[in-house]
Amino acid sequence: MGPPPPPPPPPLLPSGEILPSRKWKTEDAPRRNNHPAPAPPKPSRPTVDASALQHAAARLRKTGYNEPVRGDVENLSDGRLDRPHQQLPDGDRTYRANLQQLAQPKTRAEIPSPPTYSNQPRPLGDFHRDPNALSQFQQSREALLSSTSPTSNYSPINKFSSSTLTQYANKSPSPPSFGNSNSEATYVSPYSSKHSYPTNFRSYHKDDDYFNNTATTATTTTSSNSLNENNNSNKYGNKETVLQWSEPYDPSKIRRSQSPIRNAREMIHEYSTTNYVTEVQQPPPPPPDLYQRMTQARTFLQNSLAKQLRDEGLTESQKAANRNQTGALSASSSIPFDASQIVKNSYNGDEVDHLVHQMRTKLNQPADTSPSIVQYPRRQAPDSSRANYSATTSTSFSSSTTRKIMNINICVGCGKEITGDQPGCNAMNQIFHVDCFKCGQCSKTLAGASFYNIDDKPTCEGCYQNSLEKCTACNRAISDKLLRACGGVYHVNCFVCFSCKKSLDGIPFTLDKDNNVHCVPCFHDKFAPRCALCSKPIVPQDGEKESVRVVAMDKSFHVDCYKCEDCGMQLSSKLEGQGCYPIDNHLLCKTCNGNRLRVVSST
């Protein structure tokens, strides 16, 4: 089976039929004001011919790498017709009669060609420029940029030859040449006159390092009755403009530059498995007198700076005198005093060692006991009579003194060295002999036993308990938290209320006449005055320190309880008419008092 037929062409209108325009109306068209517009015809659903889909699917194919497209291959059928006169199947087409009418052969009228050179177009030039001015500019440019190098047939596109520009600027129209020609022809574009492109051109990138280019340039000859190899001739009237190329375009013949890496896998493997060792050249040794020259240069700079500072405010005569003066002592003369002896004496340190040792002794020994170590005499300054004092003797004496004082194996108690016969122990960040580490009160040996540090003095447990304060209530030693109150010392659990036995730690309390401790509620309940009316104690209100009471008829009353017994009016001596008028120890107001008197008098 051949390829599917192409899709049908658009339908043709019958001869003489004209579609009405939107801008004018036909005579048969109804008026808009009188009659409504006719309903538009029902649109038919567009259909797609199956043969057209098959034809479109058959043209779809995948192009391989470096494969030319269909348009680049000559005489290649587009897939529509296998033979020149193959008829398309009509099928059920709507315009079958019209297609058959168009398919009929018709006679064609030949148009005679015009005479030769009758209508020859001129090459387009720059309409806004004078060709003569361009020619003069090119001539002056050639004079400045003259070169003796031979003209190359291969020139890049963007590099124009001045001779070519001048040639085409002054070129007059001439008939096309027939036959062989050895001169280079340049294509002049009919759309642009500002640039001319050389006929034979190549890419500006040349890979001459990887392959040898042996291609030669061949000028293609053309004739008026035949086409060139690329079929790239275009006719404008009777003039034929030929697009000449160095060789026919064939994508399969394109030379590609070879990669300098022949095998990438081998290069990667070699780089990853080979250790490249580079020989490091040792720098040449410095000259032997380099250090001496650097020292001399540094000394010269220092001396120059010192002399510059010295001579800054002097006159010329003073500067000359300074340059010519010599030192009072020559370099060979000896110093009048012994410098080494001064250095040795400065490192003896007898005075400092004596002060450090004395300070340690005073800190470690009690104040009432004298230190048991030997006091080293202070070193006196050497005078003229002791100038010949032996340096060896001073050094040995100083070293022995320093060893005794700075030795860490010295007992703090007795000041003697700890040896194997007299072992020591470490306590309170100090070192003691075992026999010297005793209790400060009972002289009990404390080595290997528990002790208490009281004012930097070791104390045994018995002496420590005896030194503690005793509770006033239970007469026992207080080893933990204690309370001091009322001139005594108490345990927390021993300082309690005398009535309710509640601990008074952090609670207000008071004393009675027998110095018994009571809490405030128990004290008021036990010793506060009672109200004569309600028989309750009169205590201070919340937040108050003192209680308020009313005393009448040698009795105490609450403020709220001091009122008339008959009418219940609050009695107060500050308000007129509200005073208390008692009868037989009864609280009565003035009115109730008169009423009771009238009743008694009536009876």
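Count begins at 1; order follows the chain as displayed.
Cβ atoms here come from the backbone N, Cα and C positions, even for glycine.
Look at Swiss-Prot and you will find 1-13 tagged as compositional bias 'Pro residues'.
Under the heading compositional bias 'Basic and acidic residues', Swiss-Prot lists 69-95.
According to Swiss-Prot, the feature compositional bias 'Polar residues' maps to 184-193 (among others).
Taken from Swiss-Prot, the feature compositional bias 'Low complexity' applies to 218-234.
Annotated compositional bias 'Polar residues' per Swiss-Prot: 315-333 (among others), in sequence order.
Swiss-Prot lists 363-373 (among others) with the feature compositional bias 'Polar residues'.
The compositional bias 'Polar residues' annotation in Swiss-Prot covers 382-391 (among others).
Under DSSP, residues within the domain 'LIM zinc-binding 1' (409-470) fall into helix, strand and coil as 7 helix, 19 strand, 36 coil. Residues or ranges marked as domain 'LIM zinc-binding 1' by Swiss-Prot on the basis of sequence analysis: 409-470.
Taken from Swiss-Prot, the feature domain 'LIM zinc-binding 2' applies to 471-529.
The domain 'LIM zinc-binding 3' annotation in Swiss-Prot covers 530-601. Averaged across the domain 'LIM zinc-binding 3' (530-601), the predicted model reaches a pLDDT of 80.
Swiss-Prot lists 1-131 (among others) with the feature region 'Disordered'.
The region 'Disordered' annotation in Swiss-Prot covers 166-193 (among others).
Feature annotation from Swiss-Prot assigns region 'Disordered' to 218-237 (among others).
Look at Swiss-Prot and you will find 310-333 (among others) tagged as region 'Disordered'.
According to Swiss-Prot, the region 'Disordered' annotation covers 363-395 (among others).
For the domain 'LIM zinc-binding 3' (530-601), the DSSP counts in helix, strand and coil order read 12 helix, 12 strand, 48 coil. Applying DSSP to the domain 'LIM zinc-binding 2' (471-529) sorts its residues as follows: 8 helix, 17 strand, 34 coil.
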